[in-house]
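Listed in TrEMBL:
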type: BINDING; residues: 89-94, 141-144, 176-185, ASP211; note: FMN binding site
type: BINDING; residues: ARG301, THR538, SER599, ARG600, LYS605, LYS606, TYR607, VAL608, THR609, ASP642; note: NADP(+) binding site
type: BINDING; residues: ARG457, TYR458, TYR459, SER460, THR475, ALA476, VAL477, TYR481, GLY491, VAL492, ALA493, THR494, TRP680; note: FAD binding site
type: DOMAIN; residues: 83-227; note: domain 'Flavodoxin-like'
type: DOMAIN; residues: 282-524; note: domain 'FAD-binding FR-type'
Amino acid sequence: MENSEGVKIESTVVTEEPLISALDIALFVVIITVAYFWYFKRDKQSSSSEKKPYTIQPSSLSSIEQTSNSSFIKKLKSTGRSLVVFYGSQTGTAEEFAGRIAKEGARYKMKGMVADPEECDMADLVEMKEIQKSLAIFCIATYGEGDPTDNAMDFYEWLQNGDADLEGLNYAVFGLGNKTYEHYNEIAIYIDQRLEELGATRVHEIGLGDDDANIEDDFVSWKEKLWESVCSHYGIEETGEESNIRQYKLVDCSGVLPERIFSGEISRLKSYENQRFPFDVKNPYLSKIAVNRELHKSGDRSCMHIEFDIDGSKMRYDTGDHVAVYPKNSSELVDKIGELLNADLDAVFSLLNTDEESSKKHPFPCPCTYRTALTYYLDITSNPRTHIMKELIEYASDPKDQEKLKLMASSTPEGKKEFHEWILRDNRNIVHILEDLPSVKPDLDHLCELLPRLQCRYYSISSSPKVYPKSIHITAVLVNYTTPTNRVNKGVATNLLAQLIPTNDELPQPTIPIYIRRSQFRLPPKSQTPIIMIGPGTGLAPFRGFIQERDYARKEGREIGEMVLYFGCRKKDEDFIYENELQEYVANGTLTKLHLAFSRDQPEKKYVTHLLEQNADELWNIIGEKSGHLYVCGDARSMAKDVHSIIVKVVMEKGQMTNSQALNYVKKMEQQKRYSADVWS
């Protein structure tokens, strides 16, 4: 026979024994106990599984519906579409570009849809040839050290490991990257080449967008030529229709109960009131600010040491990881938009996708108030892109304002120049545009549709979990600067953090949503391996965690390798952060050498790169003779590039190699994770 778990129980015939023996009774008790435990556990798991899903909005598809709708081919066929635009996006830009391409498809008689590869069965690409005049476009970002975005990882691995026959698939690729990074647009380039290897037909050459220059210009230029190629390839003509078609429709939600209205949650309604592990990008942890202190000793700049309390959260981090902080826009800017547009910011609304087949029902959590949307969900401080200029034209009542917007929305040399000077160089955001073009009065719901999502900010963690398992430390410079129009622009996250000062224990502590993003920036597995750390300014942050971890190992009695730190700042008496800590680590032997460069403490500027050049023997001794590790953290645009050049030169001279051999040596160091960079532009 079988018990309730399907486990076979053998029974035997026993003669000349009581009808029910002690053994029978014991066995019966065991069976009942097991059955009860199984039923209780199943019930508990069932109830907990009901609590697991996190949705962007109440009307999101259930997991079962998403599975059944994972075939984008079925959606294309059932809705008469021939264009699908996939996006691999980490910050939302690639998704935005994908939406713009899909929308423009109507002008070329190609009804389009946007698709997230993570939610699709990408093996269905083999069936694209069944749809007449079909086209798949990929807007793919590369981030980190040549990594795919989280939502494109499965697709990337499918291409790497699979051998699907994609003959008949027509495609085009636009990459989003940054030239200051070594692996510029690496993922997009790979996808473009791999699709061709698998038999697909490239309709238009790959576009490579550079976020360090003007990625908007790169995208618009590529997109115009893309449609020319599409027309040529399919023998079609542009319809000439330039109407601005809304993707979302406004829904009045004034009658919605207060408990059903989002108030800033990233995903699940009331998630900040009822926190549930695990915490991630869609379910951040509302952390208390335990410490917020100034690191600069003097001067007009500010650098904050902030500690996030994660006690009881079950969150774990490793030395070198990043922490993501979800900011909110200043109430001053939000109120200004309401004032300029004469809008009721406390009205409750929702934006509902006009495409009923789309899995993305809302652009952000809905329903909510306009104030909530502008505060928590929308980016109102960055430079708007050209498509927003185009959409604002219809709302300009002054012909001069209208012509200015038309010019900036155009792709003519004059238009690009005007956009670059008036928007990018003068650093105008949407608030500034509405102030300087007073006749432009867009409907607030349409503006909410147009503006990109407010993104979280990433900071290198400046602590070790061995020393601080219940808190996460960051080191952040307060961002404030004056624009050419004499406006003061403020960093969204750092200015918010500056206001979150812990009070005494009797009052509620300030909180902010966070989650941990894993990094490849890691200490060597063996504590005896020598390392060199190069981190001027706040580039010191992850190395503070490295030093703490090695110091912890030393105090445990373990052998630790040499630790050499190169740190630089402007003035020793002004912005030498963590000075006392570093000097103490030197004194106790954890930090072998501390090389300091104070750029403005002498007539000629002195940087860490100058110190590196002076210490070529030391560098080669550690990375060449002792096979140590080298780490760089900080500015990617100049510092990291200069360091790379110096390292190659040292390897050439001290290792007696040619330039080609030295480059290969450094490349091998990178592949072996002996040369790691955590940089930003």
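Even glycines carry a Cβ here, placed using N, Cα and C.
Bear in mind that TrEMBL entries carry predicted annotations, made automatically and left uncurated.
Taking the binding-site residues TYR184, TYR459, TYR607 in turn and counting surrounding C-beta atoms within 10 angstroms, the largest count is reached at TYR459. Note: the CA-CA distance between TYR459 (FAD binding site) and GLY92 (FMN binding site) rounds to 19 Å. Of the recorded residues, SER89 (FMN binding site) and THR475 (FAD binding site) place their C-alpha atoms 27 Å from one another. When the binding-site residues ALA141, THR475, ALA493 are compared by Cα distance to LYS605 (NADP(+) binding site), the shortest distance belongs to THR475. Residues ARG457, TYR458, TYR459, SER460, THR475, ALA476, VAL477, TYR481, GLY491, VAL492, ALA493, THR494, TRP680 are recorded as binding FAD; their most distant pair of Cα atoms lies 23 Å apart. Helix, strand and coil residue tallies for the domain 'Flavodoxin-like' (83-227), in that order: 65 helix, 35 strand, 45 coil [DSSP]. Shown in sequence order, GLY568, CYS569, ARG570, LYS605, LYS606, TYR607 are the residues of the chain, 6+ apart in sequence, with a C-beta less than 8 angstroms from the C-beta of SER599 (NADP(+) binding site).
Of all Cα pairs drawn from ARG301, THR538, SER599, ARG600, LYS605, LYS606, TYR607, VAL608, THR609, ASP642, which the record names as binding NADP(+), the longest spans 26 Å. Calculated from their C-alpha atoms, the gap between GLY92 (FMN binding site) and ARG457 (FAD binding site) amounts to 13 Å. When the binding-site residues ARG301, ARG457, THR475, ALA493, THR609, TRP680 are screened for a Cα within 10 A of the Cα of TYR181 (FMN binding site), the ones that qualify are TRP680. Neighbours of GLY144 (FMN binding site), defined as other CB atoms within 10 A of its CB across all chains, total 17. Its Cβ placed at the centre, ARG301 (NADP(+) binding site) has 13 other Cβ atoms within 10 Å. When Cβ neighbours within 10 Å are tallied across all protein chains shown, the highest count among the binding-site residues ARG457, LYS605 belongs to ARG457. ASN178 (FMN binding site) sits 21 Å from GLY491 (FAD binding site), counting Cα to Cα.
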